[in-house]
Amino acid sequence: MSIKNIFSKKKKYASVPSEQASQDVPEGIMTKCPQCKKIMLTKELDKNLRVCMNCGRHLQMNAKQRIDSLVDEGTFEEFNGHLISENPLGFPGYEEKLEKDREKTSLNEAIVTGQGEIEGKRAVIAVMDATFRMGSMGSVVGEKITLAIEKAKADKVPFIIFTASGGARMQEGILSLMQMAKTSSALKLFSEDQGLIISVMTNPTTGGVSASFASLGDYNFAEPGALIGFAGRRIIEQTIREDLPEDFQTAEFLLKHGQLDAVIHRAEMKETLGRILALHSTGGEREWLEN
């Protein structure tokens, strides 16, 4: 071996596993719980309302799964599903990302709105879907929520919204932030007309969504373990220079500090909503007592 070879650095290469090898769980067939790491058959998990059979973790639901689990069979009618986002600010790559999400989710936007019955009681229902642009709120999401509220007001039925969002959609800038005021104003008018508002916050409900319509219900509920907050935990800790409680920004923390009315298990959600709708319907108090 020459002197030159002794002092020369040997090249080291990192081995990158193939896509097939890197998959711990077969896609679509099995699902791993992000909390306890238990691997479950996806179809069994879906039957259990996507609640982990081992630790009770509430896994993410898409809008269709949520509606199917809540609304009486054959009663849901979607409206304004044709509305789609454009690119008002000319944000690079935004149209391509929207199109990719449309293909992946079969949705036009991050929310589905419609009307249906829960335990025989009519309501207008809005369900956000975090699989589309992380459920972010752009101008179309705000418009669909506002139109749904106005529909509930015109029909004199309750308005129920399930939130799941990373906050305002940055690609739409100020137009996205305007939806906070727009949706809040619509809820205010609906409330002044004696309309019933039920908000259910699911994981995650953050940013501008948590700071606007998500927190404006007559009843504010959440699912167990849901992340709910405005700014991120790290940002808050760096700002106040203090450590935050372990359960900070969880549904249970908010309930303990009076910011929620209840934390409701997914398996009990339909029955709970049905009882509240019955209570607020004509003769509802008598019906509630009889049940």
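Here the Cβ of each residue, glycine as well, is placed from N, Cα and C on the backbone.
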Task = Identify the zinc finger range according to Swiss-Prot, selecting from 33-55, 125-147, 217-239.
result = 33-55
Task = Over the zinc finger (33-55), work out the mean pLDDT and round it to an integer.
result = 96
Note = Between the binding-site residues Cys33, Cys52, Cys55, the one whose Cβ has the fewest other Cβ atoms within 10 Å is Cys55
Task = Starting from the Cβ centroid of Cys33, Cys36, Cys52, Cys55, which together make up the recorded Zn(2+) site, report each further residue of the same chain whose Cβ lies within 8 Å of that point, ordered by sequence.
result = Pro34, Gln35, Lys37, Lys38, Met53, Asn54, Gly56, Arg57
Message = Checking distant contacts: for the zinc finger (33-55), what same-chain residues at least six beyond its ends satisfy Cβ-Cβ under 8 A?
response = 25, 61, 65, 69, 265-267
Note = DSSP puts the residues of the zinc finger (33-55) at 6 helix, 4 strand, 13 coil
